[in-house]
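Positions annotated as 4-CDP-2-C-methyl-D-erythritol 2-phosphate binding site by Swiss-Prot: D14, A15, H16, H40, S41, D62, L63, G64, T135, T136, T137, D138, F142, R145. Look at Swiss-Prot and you will find D14, H16, H48 tagged as divalent metal cation binding site, backed by sequence analysis. For H40, T136, the entry in Swiss-Prot reads site 'Transition state stabilizer', with the evidence type sequence analysis.
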Amino acid sequence: MTNPIIPRVGIATDAHQIEAGKPCWIACLLFEGVDGCEGHSDGDVVAHAIVDALLSASGLGDLGSFVGVGRPEYDGVSGTQLLKEVRELLSAHGYVIGNVAAQLVGQTPKFGPRREEAQQVISEIIGAPCSLSATTTDHMGFTGRSEGRASVATAVVWKA
């Protein structure tokens, strides 16, 4: 009798303050004419939340332990690069990515017109389905006041 494949689920949140003049990277896409988010990296809250959820699901730590803020080689690193590296890390530990889902929380950018493009880009990077959505908080809180953006993500992985 073989052991059943048991999926592992991870969840994560990421948030960054908006920084005037910084390029806006969301879900591995550049949004022209919109201020981006501050951070040690590119400030892509969606990519970062997905990376963190994948690490959570696999039990391999979290975003802070994965890249840290004191490592100069990650200064300005893109969400795309982080997703590639976490996929390689999971694979090296025998994990397969089942799927990921993430939601962007913020007033800007208008995400709907590029949602499918972002899903395709992230799916290609991680080698698994990706579902994305976006919402506002009806002008409540730091995201509602356009002081920052946040993202919540879930990921499903299993041992190969």
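Glycine is no exception: its Cβ is also placed from the backbone N, Cα and C atoms.
Annotated features taken from Swiss-Prot, shown on the structure.
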residue : record                                                 : Cβ contacts under 8 Å, 6 or more apart
D14     : 4-CDP-2-C-methyl-D-erythritol 2-phosphate binding site : V45, V46, H48, A49, D52, L63, A150, S151, A153
H16     : 4-CDP-2-C-methyl-D-erythritol 2-phosphate binding site : C37, E38, G39, G43, V45, G148, R149, A150
H40     : site 'Transition state stabilizer'                     : V67, V69, Y74, D75, V77
S41     : 4-CDP-2-C-methyl-D-erythritol 2-phosphate binding site : H48, V67, Y74, D75, G76, V77, S78, G79, L82
T135    : 4-CDP-2-C-methyl-D-erythritol 2-phosphate binding site : Q103, L104, V105
T136    : site 'Transition state stabilizer'                     : V105, G106, Q107, T143, G144
T137    : 4-CDP-2-C-methyl-D-erythritol 2-phosphate binding site : V105, T143, G144
F142    : 4-CDP-2-C-methyl-D-erythritol 2-phosphate binding site : A15, Q17, G148
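Mapped onto three states, the DSSP output places H16 (4-CDP-2-C-methyl-D-erythritol 2-phosphate binding site) in strand.
Counting other C-beta atoms within 10 Å of each candidate's C-beta, the binding-site residues H48, L63 are led by H48. Between the two most distant C-alpha atoms of the annotated 4-CDP-2-C-methyl-D-erythritol 2-phosphate binders (D14, A15, H16, H40, S41, D62, L63, G64, T135, T136, T137, D138, F142, R145) there are 30 Å.
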